[in-house]
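S.K.: According to Swiss-Prot, the protein carries these features:
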| type | residues | note |
| --- | --- | --- |
| MOD_RES | Arg18 | omega-N-methylarginine |
| COMPBIAS | 18-28 | compositional bias 'Gly residues' |
| MOD_RES | Ser22 | phosphoserine |
| CROSSLNK | Lys56 | ubiquitin cross-link |
| CROSSLNK | Lys98 | ubiquitin cross-link |
| MOD_RES | Ser125 | phosphoserine |
| CROSSLNK | Lys136 | ubiquitin cross-link |
| CROSSLNK | Lys212 | ubiquitin cross-link |
| MOD_RES | Thr317 | phosphothreonine |
| MOD_RES | Ser445 | phosphoserine |
| MOD_RES | Ser461 | phosphoserine |
| MOD_RES | Ser464 | phosphoserine |
| CROSSLNK | Lys500 | ubiquitin cross-link |
| COMPBIAS | 523-535 | compositional bias 'Basic and acidic residues' |
| MOD_RES | Ser527 | phosphoserine |
| MOD_RES | Ser535 | phosphoserine |
| MOD_RES | Ser539 | phosphoserine |
| MOD_RES | Ser712 | phosphoserine |
Amino acid sequence: MAATAAVPSAVGGRANKRGGGSGGGGTQGAEEEPPPPLQAVLVADSFDRRFFPISKDQPRVLLPLANVALIDYTLEFLTATGVQETFVFCCWKAAQIKEHLQKSKWCHPTSLNVVRIITSDLYRSLGDVLRDVDAKALVRSDFLLIYGDVVSNINISKALEEHRLRRKLEKNVSVMTMVFKESSPSHPTRCHEDNVVLAVDSTTNRILHFQKTQGLRHFSFPLGLFQGSLDGVEIRYDLLDCHISICSPQVAQLFTDNFDYQTRDDFVRGLLVNEEILGNQIHLHVTSREYGARVSNLHMYSAVCADVIRRWVYPLTPEVNFTDSSTQSYTHSRHNIYRGPEVSLGHGSVLEENVLLGAGTVVGSNCSITNSVIGPNCHIGDNVVLDQAYLWQGVRVAAGAQIHQSLLCDRAEVKERVILKPHCVLTSQVVVGPDIILPEGSVISLHPPDAEEDEDDGQFSDDSGADQEKEKVKLKGYNPAEVGPEGQGYLWKAEDVDEKEDEELRQSLWGLMINMEEESETESERSVDPEELDSRAGSPQLDDIRVFQNEVLGTLQRGREENISCDNLVLEINSLKYAYNISLKEVMQVLSHVVLEFPLQQVDGVLDPNRYCALLLPLLKAWSPVFRNYIKRAADHLEALAAIEDFFLEHETLVPSLAKVLMAFYQLEILAEETILSWFSQRDITDKGQQLRKNQQLQRFIQWLREAEEESSDDD
């Protein structure tokens, strides 16, 4: 059953605790007592199966995110925010969690945050945990309630101060303050399953209405919300639930008194419905600049991991080594490249941007790696492509493999020339290949899917039945059509919207999948070009790109007016790049377009080609260091040239100036002659692109470049 660390004698008994708690900051005599030490209740179980079959091998809170266990991020956040005692409640795989914590810095005698581990096979929900908190009288004042898969750098001192002040002034009426972060509905860290719409009192931040939006097309609000408020009501759909709650001791008591409360959402809805009867209120605290998110599915895992690599969770960045682990020593270089100790990178391999290489990892020759995290002691063969790939410890990827937006768990192996389409998952020790393509959404595990049926009664118990399952595995063979001729594993799920279980498929590991039939008539009838769909895949929302483009334009305008140096302009553009989750490719496209458009923004009316060049060329000269910062490789040159071509196809009256513009790019050493010639000679182009290349001035410029190249070759 349960093993519980000794609870300090300072904890009051139940008779004293029922008085409503000391969280309101009461007074004694003439002087106010200082606030008691801050406590936290950390729930190290999700009580759902969103991460199955991954979490069949290890609990969610121990899954590595940027090579650090999720629970370590949560405990670091709690400690940084001033928590001095944390109760960690474990159920599923409790022994693994306990072992991890006991070996970590959190259980060291010098830890500022005393971690007490409480385990039980009987917990089935958050409600069970909080009823146990109440039964054991663990909390003696306001406490933080949080799951062990939350990543945050929020300073909650202001929210805590507001919470305590409210309880003092209103005689403990407010029992909970929920922490939210401002976030647009299209932001990558918005989880569809957790999206909520709130009605909030404009003056007091009291939550009046709380509704999950999953599966809803329309929302309704009680009319009384608006009739009873003197100061106005805000309807908010721009908030991300950080799953951080400041609770009074009454919260645990209310869960005891209401056994139908199983989740925090049950609790919130129950209190709002019965507010007039019980007199309890819930408030919210909103942060705009800090970071907080819960890793509730693989979509959120990917989004939060990307944010850590891009340094949005500072100071929780990979090179900081906040876990004090000898294997977490990283160096950080430009474009967010992180390398652990004893990393080997083969000749011709390119780490493009946002890449983390774990200690002891070996990368072969001519590999391309971008937006990926590779765990310790991995081996990557030659000519491998990794794009948004997440590899855990000891993974092996053979030559010629391609992995796109997929997850490979501990010691998984990908054989030669295997292609993983987006949203694939290989759980621990799975082998696939060689020469196989895994369809999008494939999940391969060493645990047979039919073993699920045998576990329904004991799905939250510990791993006592693991040996029985291993015996079942031995009796069942692997299907080479699913995992390849040398593969080892069973196919759990391949997304197929034609199956009857499409609701379950949409609730896959990667989160809620959009059902196209539910889109509005206008959207569903709109025809979309396949190239447009390709361009959207793996890139931010179009709205974010438009906003980024406007921000870059504003930055350059201000730079020109205030004479800001190019180095500082690069810093500002980089910060915008990370803010809107923009790739380097898109930065080059936007930068090229914005600069070429700049003269048109400054002059009313139509510009002729000569006047346009007169305005543009000085700008190119002034901002050439900005271009050179982003345009380095041949692929970068071609992307910039494609953006230049697109601009002139949009502004056909300016095509006569294209040759002068390209000459300026060439003379300023932004674009190289070989890439300009390569761009001009492209065959797979549109009719308009072919027509553009027939421009006489452009052809003369290309001929001049070719002759210059020949002369250079003769001189050599």
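Any Cβ shown, glycine's included, is placed from N, Cα and C.
Computed from a predicted structure; not experimentally measured.
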S.K.: I want to verify one value. Collapsing DSSP to three states, which class is Lys136 (ubiquitin cross-link)?
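M.R.: Once the DSSP labels are grouped into three classes, Lys136 (ubiquitin cross-link) ends up as coil.
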S.K.: Measuring Cα to Cα, how many Å separate Ser125 (phosphoserine) from Ser445 (phosphoserine)?
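M.R.: For Ser125 (phosphoserine) versus Ser445 (phosphoserine), the Cα atoms are 26 Å apart.
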S.K.: Expressed to the nearest Å, what is the distance separating Lys136 (ubiquitin cross-link) and Ser445 (phosphoserine) at their Cα atoms?
M.R.: 40
S.K.: Sequence gap of 6 or more, Cβ distance under 8 Å: name the residues on the same chain that satisfy this around Lys56 (ubiquitin cross-link), in order along the sequence.
M.R.: Thr427, Ser445, His447
S.K.: Give the number of CB atoms, excluding that of Ser445 (phosphoserine) itself, located within 10 Å of its CB.
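M.R.: Looking across every protein chain shown, the total is 24.
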S.K.: Distance check, please: Cα of Lys212 (ubiquitin cross-link) against Cα of Lys98 (ubiquitin cross-link), rounded to an integer number of angstrom.
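M.R.: For Lys212 (ubiquitin cross-link) versus Lys98 (ubiquitin cross-link), the Cα atoms are 34 Å apart.
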S.K.: Whole-number Å only: compute the distance from the Cα of the residue listed as 'phosphothreonine' to the Cα of Lys98 (ubiquitin cross-link).
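M.R.: On Cα coordinates alone, these residues lie 25 Å apart.
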S.K.: Around the C-beta of Lys98 (ubiquitin cross-link), how many further C-beta atoms are within 10 angstroms, looking at every protein chain?
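M.R.: Cβ-Cβ neighbours of Lys98 (ubiquitin cross-link) within 10 Å number 18.
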S.K.: Provide the number of Cβ atoms within 10 Å of the Cβ of the residue listed as 'phosphothreonine', excluding the reference atom itself.
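M.R.: The residue listed as 'phosphothreonine' is surrounded by 20 other Cβ atoms within 10 Å.
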